[in-house]
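K.L.:
What follows is a single structure, and I will ask about it in a moment.
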Amino acid sequence: MLEKLGARVIELRQARDLEQSFDRLVLPGGESTVQTKLLKEQNMLEPLREKIANGMPVLGTCAGLILLAKNVEGNEVSGFGTLDVTVKRNAYGRQLGSFHCNSDFGNLGAVPMTFIRAPYIAQVDSNAEALATVDGNVVAARQGNQIGTAFHPELDEDTRIHQLFLDL
């Protein structure tokens, strides 16, 4: 999706990959506890946290939102902790609780949203702002250079959220 919008994309899988030049970061969906464990084992968590804290734009989707969150309900494993929100993991249930909808997202209007074993944002603290809600639950938030979504914008053809990220 980002390449479609003209961005150059690289993968960061090991600490040596951090030596490459990059000016934005996408934290994808997946399993957040495994991702956190791998980031720590690969000695990537702290260097990336520092880049985020210093203003590097970051988009966290689903598990990526959990990695960014300052707090995760019922979870002692912490990721970056840079986005001033509290997240509830698997808030919509397991795989069978996955769904698709359209909902307003900030100033973008209605955007398609695909949720897969998704979290939601239980609390948005004063430094962050809610960008989208579904059924009364916050599903996207922004704090300066950080955007976190509970859903997977990359699974739909709509490019507006990705363009918003590239414009940060």
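Glycine is treated like the rest: Cβ placed from N, Cα and C.
Annotations for this protein, taken from TrEMBL, read as follows:
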| type | residues | note |
| --- | --- | --- |
| ACT_SITE | Cys62 | active site, nucleophile |
| ACT_SITE | His152 | active site, charge relay system |
| ACT_SITE | Glu154 | active site, charge relay system |
| BINDING | Gly30, Glu31, Ser32, Arg89, Ile116, Arg117 | L-glutamine binding site |
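Neighbours and distances for these, please.
P.N.:
In the three-state DSSP assignment, the secondary structure recorded for Cys62 (active site, nucleophile) is coil.
A C-beta separation below 8 Å, combined with a sequence spacing of at least six in one chain, links His152 (active site, charge relay system) to Gly29, Thr61, Cys62, Thr114, Phe115, Ile116.
DSSP assigns Glu154 (active site, charge relay system) to a helical segment in the three-state reduction.
A sphere of 10 angstroms centred on the C-beta of Glu31 (L-glutamine binding site) encloses 14 other C-beta atoms. In the three-state DSSP assignment, the secondary structure recorded for Glu31 (L-glutamine binding site) is coil.
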K.L.:
Hey, of Gly30, Glu31, Ser32, Arg89, Arg117, which of those binding-site residues are within 10 Å of Glu154 (active site, charge relay system), Cα to Cα?
P.N.:
none
K.L.:
List the residues in the vicinity of the L-glutamine site, defined as same-chain residues other than Gly30, Glu31, Ser32, Arg89, Ile116, Arg117 with C-beta within 8 angstroms of the site's C-beta centre.
P.N.:
Gly29, Cys62, Ala63, Ile66, Asn90, Ala118, Pro119
K.L.:
Widest Cα span across the L-glutamine binders Gly30, Glu31, Ser32, Arg89, Ile116, Arg117, in Å?
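P.N.:
Site span for L-glutamine, by Cα atoms: 13 Å.
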K.L.:
Between Cys62, Ile116, which of the recorded positions has the fewest other CB atoms within 10 angstroms in the structure shown?
P.N.:
Ile116
K.L.:
Which residues does Gly30 (L-glutamine binding site) neighbour through Cβ under 8 Å, counting only same-chain ones at least six apart?
P.N.:
Cys62, Ala63
